[in-house]
Structures are given as structure tokens and as C-alpha cells.
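Step one of this worksheet: look at the structure below.
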Amino acid sequence: MSLLLYYALPALGSYAMLSIFFLRRPHLLHTPRAPTFRIRLGAHRGGSGELLENTMEAMENSMAQRSDLLELDCQLTRDRVVVVSHDENLCRQSGLNRDVGSLDFEDLPLYKEKLEVYFSPGHFAHGSDRRMVRLEDLFQRFPRTPMSVEIKGKNEELIREIAGLVRRYDRNEITIWASEKSSVMKKCKAANPEMPLSFTISRGFWVLLSYYLGLLPFIPIPEKFFFCFLPNIINRTYFPFSCSCLNQLLAVVSKWLIMRKSLIRHLEERGVQVVFWCLNEESDFEAAFSVGATGVITDYPTALRHYLDNHGPAARTS
């Protein structure tokens, strides 16, 4: 045992020192990647706290606030039209208990006159525009605006249609593939490998594990965006579990694991933009930028724009 310790302890010490050294200097092992665009202000569902989610009116409002990114979810209609909709089932959005895929685009119902803001419980958005929009409409209206397109399920036809639209409108570098599932992301990458990738849940866990094991400086990272929930919002505006105690436990553990300046700085220097969602209060904006986040995704782009304009360069510290 003593002989094992004699060799193991120096080896572990050397490994730890090397890991810390390269964690702080990733450019010595990896070629820095210059971003095509940077996300400071991302509009969740087009800014669903100010106007009805995913409508053209909401998108226009977000762009008036100089949003850097429109965060979208897409579904496929029966006649193979890619529409911007968070839910597959239309009941919450319109009151009609039908799936998007069971209707042609022209038969899709209007949104309700008001919709509750998911990450601001008790708050409702209204708007004069209640029509669902096609993804192609947004590509035509905002040809050079970066967008994140999240795929919820394993709908290969939807993935192919989106990949084709991105190519047709020459948006390969400014349209991000997003999905929670690695199996779905694999299909997205195969359909259009030129589009930048965001982390899936399992890949995010792998990065955290690698960071705490000291492996992160030595492994390749193909993703360019790390979209992550801010632990501060758990049990306040975000309730992943029905049990309050579990939510509180997750808030404490995830805050300890994720809110690390050295982790975020390393990812940034590797060309990975760290963007926290879905933050709707100034205290949360402050929490995200204080640990060095690239940007924030919000339901209230006007509030975030006001914060960024008032804080200037100080909104991002490292």
C-alpha cells in the first residue's frame, strides 16, 4: 500500500496541476474558434412575456430591442409545413385539442387572446397578432438574424424540412440545432452538419463530470452553444418537479455544480457560448453575467435590453 501511494500521489498531483494549467490556458491544446455571432440577448419564443409567443408581432418587437437570437421550437403540419410552435398539441395555445401534425397549415387555429408566461407564473401576454407563423416566414423577414431551432421529438421529416430551409436561405452558420436528446441531435447533425450544435442534456452532464474529474481541458468539444437553466430560478419560476423539496434540492446542487467562473471561462475560451435561460428578472440577469455568461434568454427582451444598456461592459465579468 505504501509503495502504491508513493507512486500514485505524485502522479495524481501532476495530473491535477496539468489539468488546472490547461483549464486556464485551453489555447495551448485547442485552436480558438472565433464566433460567427455572439448572443447577449436571446428572445424566448420571440419574447413571450411581452406579446403572444411565437407570433410575427412578438418577433418584430424583439428585433426592435436589438435581440441577438430568436429562440424557437418547430412542429410539422400534415401538409409538411414547418411552423413555429412550442407545443405539438394545440390545446394550451389555442384551446383546440388537436396536434399540429393532424392539421394543414391553413387550418391551424389562432392563438388564445392571452397566454400565461411559462417562466413568469401568473403573468399573461396579449397581442393583436394571433396567427401561427411558418419558419420560412421568419427566414424571409429576418434573413441575417441568428435563430435557435429546438426539435422536441424524433420527427425525421421535420428535421429534413428544417435542414432544407436553412440551406435554401443560406443560414447554415446562423441557425443553431437544439434538442434535449442526443439521439435527436445525432439526426439533426446528419441532416445538416454545417449548422452549429448546442449541448444536449446528456452532453451537458458529461461536460460537468469532465470538469470535476479534470478531463475537460483534454477532450474535444464540437458544440458551440451551451444553453443552460439558471439554478436561481428553480422553485421560483421554474418547477421541474411537482415536489417542492426536490426542486429545492436541485436548486442547491445545480447551483454548486454549474455556477463556476472557471468552468464558464474555459468554455468561452474554447469557443462555446454559455447562455442561461429563461431569466425574467434583473437579479437573475445579474447572477448570470456575474459568473461570466455570454448572454441570457428571456421572455422580456425590453427589460433585458434596458439592463444591458444601463450596465454596459460591466454586465459581463469574468
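Backbone N, Cα and C define each Cβ position, glycine as well.
Feature annotations, courtesy of Swiss-Prot:
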- E71, D73, H86: divalent metal cation binding site (BINDING)
- 39-308: domain 'GP-PDE' (DOMAIN)
- 24-198: topological domain 'Extracellular' (TOPO_DOM)
- 222-318: topological domain 'Cytoplasmic' (TOPO_DOM)
- 3-23: transmembrane segment (TRANSMEM)
- 199-221: transmembrane segment (TRANSMEM)
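Long-range Cβ contacts of H86 (divalent metal cation binding site) within its own chain (separation 6+, distance under 8 Å): R45, E53, N54, D73, Q93. The binding-site residues in question are E71, D73, and the one with the fewest Cβ neighbours inside 10 Å is D73. The average pLDDT computed for the domain 'GP-PDE' (39-308) is 96. Taking the mean position of the Cβ atoms of E71, D73, H86 as the divalent metal cation site, the remaining same-chain residues with a Cβ inside 8 Å of that point are H44, R45, E53, N54, L72, C74, V84, S85, E150. When DSSP labels each residue, the topological domain 'Cytoplasmic' (222-318) comes out as 51 helix, 16 strand, 30 coil, counted as helix, strand and coil in that order. The DSSP secondary structure for H86 (divalent metal cation binding site) is coil.
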